[in-house]
Structures are given as C-alpha cells and as structure tokens.
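A.B. asks: This structure is in structure tokens; I'll ask about it shortly.
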Amino acid sequence: MTDNIPLQPVRQKKRMDSKHRGGCCECLRCCGRREPRPRTVWLGHPEKREQRYPRNVINNQKYNFFTFLPGVLFNQFKYFFNLYFLLLACSQFVVEMRLGALYTYWVPLGFVLAVTVIREAAEEIRCYMRDKEVNSQIYSKLTARGTVKVKSSNIQVGDLIIVEKNQRVPADMIFLRTSEKNGSCFLRTDQLDGETDWKLRLPVSCTQRLPTASDLLQIRSYVYAEEPNIDIHNFVGTFTREDSDPPVNESLSIENTLWASTVIASGTVVGVVLYTGRELRSVMNTSNPRSKIGLFDLEVNCLTKILFGALVVVSLVMVALQHFAGRWYLQIIRFLLLFSNIIPISLRVNLDMGKIVYSWVIRRDSKIPGTVVRSSTIPEQLGRISYLLTDKTGTLTQNEMVFKRLHLGTVAYGLDSMDEVQSHIFSIYTQQAQEPPAVKGLSVATKVRRTMSSRVHEAVKAIALCHNVTPVYESNGVTDQAEAERHYEDSCRVYQASSPDEVALVQWTESVGLTLVGRDQSSVQLRSPGGHILNFTILQIFPFTYESKRMGIIVRDESTGEITFYMKGADVVMAGIVQYNDWLEEECGNMAREGLRVLVVAKKSLTEEQYQDFEARYVQAKLSVHDRSLKVATVIESLEMEMELLCLTGVEDQLQTDVRPTLETLRNAGIKVWMLTGDKLETATCTAKNAHLVTRTQDIHIFRLVTNRGEAHLELNAFRRKHDCALVISGDSLEVCLKYYEYEFMELACQCPAVVCCRCAPTQKAQIVRLLQERTGKLTCAVGDGGNDVSMIQEADCGVGVEGKAVFSSVFYFASVPLYQGFLIIGYSTIYTMFPVFSLVLDKDVKSEVAMLYPELYKDLLKGRPLSYKTFLIWVLISIYQGSIIMYGALLLFESEFVHIVAISFTSLILTELLMVALTIQTWHWLMIVAELLSLSCYIASLVFLHEFIDVYFIATLSFLWKVTVITLVSCLPLYVLKYLRRRFSPPSYSKLTS
C-alpha cells in the first residue's frame with residue numbers, strides 16, 4: 001500500500017550555490033570562465049591544445065594578497081556587533097558629537113581588530129605553506145629531450161608524467177604504461193572517495209605494448225575526453241593512434257584513469273594529463289573555504305541589536321523630557337553615544353581572548369595529544385553540537401582488517417584456537433606422507449581427525465585461492481627484488497589487493513601454513529607448510545561487484561588436473577547458491593551481531609567436459625552485441641548451483657581506541673551520530689554494528705537501491721512504518737530521494753537514532769551537512785581524515801551579562817554630558833574589569849570526570865539557557881538595579897561631597913563588578929583569585945595617575961570608605977541572597993553531582 005502516506009515531491013528551486021566549485025554554467029560565465037567542453041589531448045604535445053586550460057595549482061586559501069585586509073574587515077563589520085563599535089569610533093571625528101579623546105574609542109577597537117587580523121593572517125600563512133608544499137612536489141616528465149624534472153604546478157594538459165610508487169598523482173591522467181609485469185597497477189583512493197579498497201587500473205593496451213616509454217613520443221596519438229565534471233566513478237573517452245595501419249581506436253573508461261589525489265600503490269606508471277587545476281575531479285568535489293561564525297557570536301549580535309534599540313528609546317525619552325528644545329536631533333545622537341557603554345567593547349575583547357584560551361586548552365589537553373586548532377574563532381561550538389557526522393575509514397576505524405573467525409558448521413575457530421587449524425593443515429601435508437595408505441585398523445578418533453583435517457584443509461585452500469590478491473617482492477637491503485621473487489623470500493613479500501579484508505584473509509592462511517607466494521594473470525602459486533610449491537592455473541575469474549556481492553574463480557590443480565570452481569560472497573546471495581543446510585542463516589546472524597563482516601565460501605568440482613561446455617557458452621556470451629552483461633551473468637549462474645558449503649569467515653576492521661565508549665557517551669549526551677563513508681554497504685553496516693553506532697537492541701533498515709521517483713516513494717513508505725530503527729542508505733538511493741522527496745526523507749532520517757550513508761561522494765557529504773543545518777536549525781560537527789571529507793568539514797558549523805551605567809544623565813537634568821571620561825572609560829573596558837571576566841573561562845559547573853561519567857549533562861547546553869532572552873532580561877534588570885543604587889546611594893550619602901561624584905560612583909562600580917564576577921563563579925580556581933586581586937590592584941595603583949578625575953586624598957578618608965562599602969553591599973548583597981535561595985529551593989541538575 002502506497003496511498004496511506006502522502007509524499008510531496010520537492011519543488012525544484014532556482015538557486016545559485018556560490019560555495020560549490022562545480023557550479024553550473026551560469027556561475028562559470030559570471031566568473032569569466034568558459035563552459036567546460038570535451039577536449040582532444042595529443043600525447044606529449046601540450047602546445048597543440050585547442051583551448052586554454054587552468055594552471056595545475058592547488059589553492060585552499062580564503063584570501064589573496066589584495067583581498068586579505070578588505071576581506072577580513074568585511075567579515076568583521078558585516079555583523080552589527082562590530083559595526084556598532086566602528087560607527088561609534090568614527091563619530092568622534094565630528095566635533096559636535098565628540099564626548100572625549102579619540103583614543104577612548106579607537107584603542108579598544110584597534111586592539112580587537114589587531115587580534116583578529118593577526119589570527120587570520122597566521123591561519124592563511126599556514127594554509128599557504130601547505131598548498132606550496134603540494135604545488136612544489138617534483139615529478140618526471142617525458143619530453144623529446146629526455147626525462148626532465150617539473151613541479152606539480154607547472155604540469156600542463158598533454159604532458160606525459162611519470163609517477164613512482166607511493167607518489168601522489170598530480171593531475172587527472174589517462175593510464176598509458178606500467179612497469180608491473182602483470183600489466184596493471186593498484187591505486188589508493190581513500191583521499192579521493194573515502195574507499196579503503198585499492199582500485200585496479202589498466203593501461204591503454206596499445207601504449208602498454210610499446211617497447212619503451214620514450215616510444216610514446218614517437219607515435220601520433222591522442223585522447224578524446226569528456227568535459228570536466230564532478231563524477232569520480234565514471235569516465236567516457238577514446239584513444240586513437242593515427243600512424244598505424246589501420247588506425248587503432250580504443251574505448252576508455254574509469255579503469256583507465258588516474259585521478260589526482262590518489263596514490264600509486266604498485267610499480268611505476270606513465271600517464272597523459274587530461275585535466276588540471278580547478279578542473280580536477282578532486283577540486284570540483286570540494287567547496288570554497290568560508291569564514292565561520294559561531295552560534296554564540298550570532299546570539300550576542302542579536303542581543304546587541306536589542307540593546308541598541310533600547311538605547312534609541314532611552315535617548316528619545318531624554319530628548320522628549322527636554323521638550324525637543326534646540327538642536328534636538330544632535331542631542332539624540334549625543335545621548336546614543338553617551339549610553340554606548342551599555343554595550344561594552346570589553347565584551348568583544350573578552351570573547352576573542354576567551355576563544356584563544358579555549359583553543360589553547362584544546363591543544364594542551366593530555367587526553368587528545370597532538371591536536372592542532374586550525375580555527376580559533378569557533379571552539380565554543382563544540383559545547384552545543386546536536387549532530388556529529390563522521391567518516392568511517394581512519395576516523396572510526398584504523399583500516400586494518402583482522403581475521404577473527406572460521407566457522408565450519410559443527411565447529412568454529414576463534415583467535416584463541418587458530419593453532420588447531422594450523423595443526424590440521426600440517427597433518428594434511430606432513431603426516432599423510434609418513435603414514436601407509438591403508439586405513440584398516442585405525443581408531444575412530446583417528447578417522448574423525450582425518451575427516452576434520454580434510455574439511456579444514458579444503459576451507460583454507462579455498463580462502464587461499466579465491467581472491468584478487470597479488471604478492472609483490474621488494475628489496476629489503478639484504479636481498480634484491482629479483483632474488484626475493486625467485487626464492488619467494490618471506491621478509492620481502494608484500495600483499496596488494498583491492499580490499500583490505502582480502503589481504504587479511506590471505507595473511508591468515510599464511511599464518512596457518514598455506515602461503516600465497518606468487519600470482520599473475522594466469523596462475524597462482526601456494527607454498528605448503530613443508531615448503532612444497534603448489535601450482536594452480538587460473539582458467540576464469542569473476543570479480544566482485546557491488547550488484548553481485550560475490551566473486552568466483554575457476555582453477556586447475558597442476559599436480560592432479562582437478563578443476564574446481566571456488567566462490568565467496570555475502571550470505572544474502574550465497575544462501576541460494578549452496579546446498580541445503582540448517583546452520584548457515586543462524587551462524588551468519590550470530591557473527592554479524594558481533595560486528596564481523598561475514599563471507600560464505602563454497603566450491604564445486606568440475607569435470608573437463610563440464611568446464612569446456614561452460615567456456616564455450618561463456619565466450620559466446622562475451623561476444624554478444626546486445627544484452628551482453630545479462631547473457632554473461634546467465635552463463636555464470638548456470639555454474640552457481642548446488643555448490644558445497646565449505647565455511648564462513650569473519651573479519652573485523654580494527655576500531656580506533658575508545659570508539660565504543662565515545663559513541664555511547666555521545667548518544668547519552670543527546671548527540672546523534674551519522675556515519676558518511678565512501679565504503680561498501682556491507683562494510684559500513686558491519687562497522688556500525690561493531691562500533692556500537694547501532695545498539696544491539698535496535699533494528700537496521702537497509703534502504704534498497706532506488707532509481708526513480710516511484711521506487712523512492714514505495715521505499716520511503718516502508719521506512720516510515722519502522723520505529724527506533726537505524727537507517728543504512730547508499731549514495732545513489734540518497735541522490736534519488738533528495739531529488740524528489742527531500743523534505744520527507746530528511747524528516748524521517750532526523751528521527752532515526754543513527755544513520756549510515758555508504759558509497760557517498762564528497763559533494764553528497766557536504767550536501768547532507770547543509771540539509772541538516774537547514775532542516776533542523778541545529779549545530780553540526782563533521783569529523784574526517786581524508787581529502788574526500790574536506791567539503792563536509794568546511795560545510796559543518798564546527799566551531800551575557802551586560803553591565804549598565806546610564807543613570808547619571810537622568811539625575812542631572814537629562815544633560816548629554818558623560819560622567820566618566822578619558823582613561824576611565826578605557827580602563828573600565830579593559831584592565832579594571834577584563835581579567836576577572838576573562839578568568840571565567842576557567843569556571844566549571846562540574847569536574848571533567850563527572851561530565852564524562854554523566855554525558856546527559858550535555859543536553860542542558862543544547863537548550864542554550866545561559867544566553868536565552870530570559871537570562872538576558874534578568875541581567876538587564878540587574879544592571880538597572882545596580883546602576884540606580886550606585887547613583888542614588890551617592891546622592892543620599894554624599895550630599896556635602898557631591899563634587900566627588902566620579903570618585904564615589906566609579907569606585908563603587910569597580911567593586912560591584914568584582915563582586916558580581918565572584919557571584920557568577922561556580923568552581924573557584926586560583927587564577928580567578930589572582931585576577932580579582934590584580935584588577936583591584938590596577939585600579940588602586942592607577943589612582944596616582946588619575947588625579948585629573950579623582951581626588952586621592954578624598955578617597956583615603958574613613959567616611960568615604962564606609963559609605964562606598966554600604967553602597968556596594970546594597971547593590972550586591974540582595975543578589976547573593978537570591979542566589980542562595982535559588983540553589984536551596986530550585987537547584988540545577990548538576991548540583992547533586994557536585995555535592
């Protein structure tokens with residue numbers, strides 16, 4: 001039933017997303033760039049280019065030399081909070097509006113701007129140095145003059161570039177030649193697409209057959225390539241050689257490409273450059289760096305607007321009480337300037353300094369050693385995160401697969417019993433050679449052991465043969481490469497494969513006695529425990545695909561001539577291929593619940609006639625023009641029937657240290673975790689279970705692959721009926737859902753306790769972050785370790801008490817005359833009050849150990865109560881109360897000494913400020929006491945220099961001291977009583993923990 005859930009299609013809105021580099025053609029036109037077009041690239045002849053291509057330069061900076069200062073200032077003054085202080089300072093250049101010396105306003109503002117500019121400059125310099133390191137990497141280029149060295153930034157379209165093993169590919173290229181004997185190479189692509197699997201790449205067959213690499217310059221050939229785009233999983237092009245008879249034409253696909261930001265994992269390769277600079281696939285999948293502002297800053301900015309509105313109202317009231325006499329409009333401006341200290345610039349100073357201290361604390365945290373804070377403007381964001389989006393590979397896991405379990409149905413072997421497996425393998429290859437062939441007189445126990453040894457041997461041999469792993473031998477300083485390969489030297493052998501779990505399986509068979517020592521495109525060599533080499537001929541191989549979820553291989557044992565078809569794959573597909581059994585489904589479920597990635601291994605013996613019949617049909621199907629893939633699959637499926645179930649294997653991706661307790665803590669703190677990965681669905685699901693991202697009591701809904709609106713509608717309806725269910729969805733299905741049912745999908749996904757998005761492209765990761773921000777309005781934090789995570793990280797968010805002094809003017813006939821002038825204003829905004837307020841960054845509601853023990857406390861931060869409108873209003877009322885007490889208390893107690901009103905009120909103000917900071921503190925730190933005493937000492941010491949404003953002899957009298965003490969106590973003591981009563985009768989949630 002699909003009519004019970006009304007799903008509304010998304011209305012396509014025309015919008016320009018300036019954050020995305022791979023924007024539409026309109027964006028390219030307005031930026032002065034040409035539309036991307038298909039291109040013809042001649043090998044080794046960049047001068048034959050038919051259009052102008054961008055330089056091969058990587059640039060991740062936000063500004064350049066000319067835009068740095070304007071850009072930084074614009075990002076500061078586009079917010080009202082900062083613009084307010086700029087306008088305030090500029091107004092003092094007008095004589096009629098001047099209330100004091102210019103330095104009164106420009107020194108604090110200049111200090112804030114200087115800190116900001118220095119911080120931004122430091123971050124830009126660090127970014128520039130990283131870009132320079134990448135752009136300055138040296139590569140070898142084939143030219144008519146021979147091989148020359150060239151910087152990565154000087155590489156052009158059409159250049160023939162040589163890339164060594166473990167070297168980064170500098171540009172998007174077509175693979176022409178390799179030094180590997182098997183005529184292929186492996187790529188590490190985790191920095192591009194996040195997938196841990198190594199990718200097998202094949203060179204153009206025409207160029208691979210050339211005698212030497214220099215012959216590439218002697219032939220007349222070119223590559224026709226599609227226009228630059230963001231699709232890293234597909235490519236369409238052709239290779240043409242014109243000087244042969246007849247001309248050679250080869251189709252090119254993704255398996256012939258070497259994308260930039262990948263790393264060569266085997267051999268030395270030669271490629272021709274197709275795309276450079278901003279047209280690279282990796283660059284088009286990243287977003288422009290942007291300046292982030294924290295939610296706290298936005299809230300302060302909003303409160304500043306409210307306060308400014310209050311200033312306008314109060315100024316109008318003051319002028320109205322003067323009956324708008326004279327140049328009343330000028331009086332309004334003067335009152336606005338006079339009351340401007342209601343929004344103290346010291347708040348801006350303290351915010352910036354507090355962020356710097358938080359960043360410093362993060363860097364010095366012993367629990368996260370080596371942490372570097374790249375941006376010091378948003379550290380407080382970490383305290384208000386609602387969604388944590390994380391990569392899998394290298395973030396949750398170490399990308400190291402470990403073999404954990406071998407299950408034979410009647411018996412299972414774990415890590416603690418692998419010596420038994422090894423014993424069975426040794427008995428097969430050693431004891432049989434020593435014992436007579438007759439079995440008469442053997443005990444039942446011996447027969448049982450032989451039967452079990454045979455089963456274990458067949459399972460281990462199948463695992464050692466059914467894979468795509470290639471052993472490679474390297475020089476170790478003692479043995480050279482050729483000798484190591486000839487003698488199968490163990491210390492020089494390295495396994496290469498397209499998947500780390502494949503390597504884990506082969507490493508395990510080596511540990512139990514059956515070692516993979518050699519492989520090429522037609523044969524495999526295994527070494528038995530006794531050192532004997534077992535030779536197998538590869539007759540056919542059927543690679544693993546995302547759709548089939550299985551791989552197979554047909555081999556012939558050279559010693560016996562036996563032909564065997566081995567297959568391994570996911571249990572969901574293998575269950576219908578193997579012979580009937582009563583344990584497969586149950587044991588697969590048990591192993592999966594342990595977080596293991598389960599593979600089912602099976603075999604089928606073939607006669608020579610059966611294989612010849614299959615080969616004839618298989619070759620004929622591969623030659624078909626129409627429905628080739630379907631016909632090939634049908635022929636293969638004819639073999640995949642009634643196969644003998646050998647075993648189950650369980651491998652586990654090693655998790656990072658403390659991942660499970662960390663995810664548990666985040667879940668208890670009310671933070672939802674989404675895993676966005678480029679890895680396969682099965683791997684991502686297993687990791688989610690293993691890391692306890694999905695708890696044992698939660699169901700998992702695997703969103704089936706959808707390709708159109710109708711399928712998406714049906715699947716969303718099926719998903720809506722699930723409750724408290726984690727979601728696993730592939731990138732392709734996600735794209736369809738967001739295209740037609742964006743609102744409905746995000747609504748359902750946000751209700752899930754956890755979400756896993758697999759096969760995610762970099763742009764999709766950033767899109768998910770952006771949609772979460774737009775749909776929920778909550779703060780997001782993105783965590784990743786690869787280049788494919790940059791867009792997601794850039795898109796994510798991760799990252800007051802107001803003192804009033806306005807009462808004097810209403811007492812003195814509403815005159816627009818400042819009470820505190822010159823250095824008194826600067827001193828109050830900086831050295832007199834900055835240290836105590838700044839020391840509040842050391843305050844803690846509870847100890848860090850208690851916070852980690854009770855992560856539910858984090859939920860209070862998500863509510864934002866410390867800076868709510870209610871809290872803001874309370875502090876405004878407190879400010880009005882204290883300002884009134886100070887002024888009217890001075891009037892009542894100092895009638896005869898009223899000429900000393902500045903000394904009276906300012907001293908009371910400083911003492912009140914220090915006591916209010918003390919009232920706010922929850923947990924005292926010795927630096928807080930130092931800050932309080934230092935501020936008081938600075939005020940007392942500065943009295944020597946402030947004789948222009950304050951009479952030192954007057955404030956030394958006993959009468960002054962006790963009366964100021966009374967005013968200060970009346971302004972602060974009621975607040976202390978209220979705080980005590982509140983903690984007594986309405987304690988906060990954490991008070992029981994602290995007690």
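Each Cβ is built from the backbone N, Cα and C atoms, and glycine gets one as well.
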A.B. asks: Would you mind telling me which of 101-122, 739-760 TrEMBL tags as transmembrane segment?
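C.D. replies: Going through 101-122, 739-760 one by one, TrEMBL flags 101-122 as transmembrane segment.
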A.B. asks: From the ranges 339-362, 819-842, grab the one TrEMBL calls transmembrane segment.
C.D. replies: 819-842
A.B. asks: Starting from the Cβ of Asp391 (active site, 4-aspartylphosphate intermediate), draw a 10 Å sphere and report how many other Cβ atoms land inside it.
C.D. replies: 26
A.B. asks: Summarise the domain 'P-type ATPase A' (142-279) as counts of helix, strand and coil residues per DSSP.
C.D. replies: 22 helix, 54 strand, 62 coil
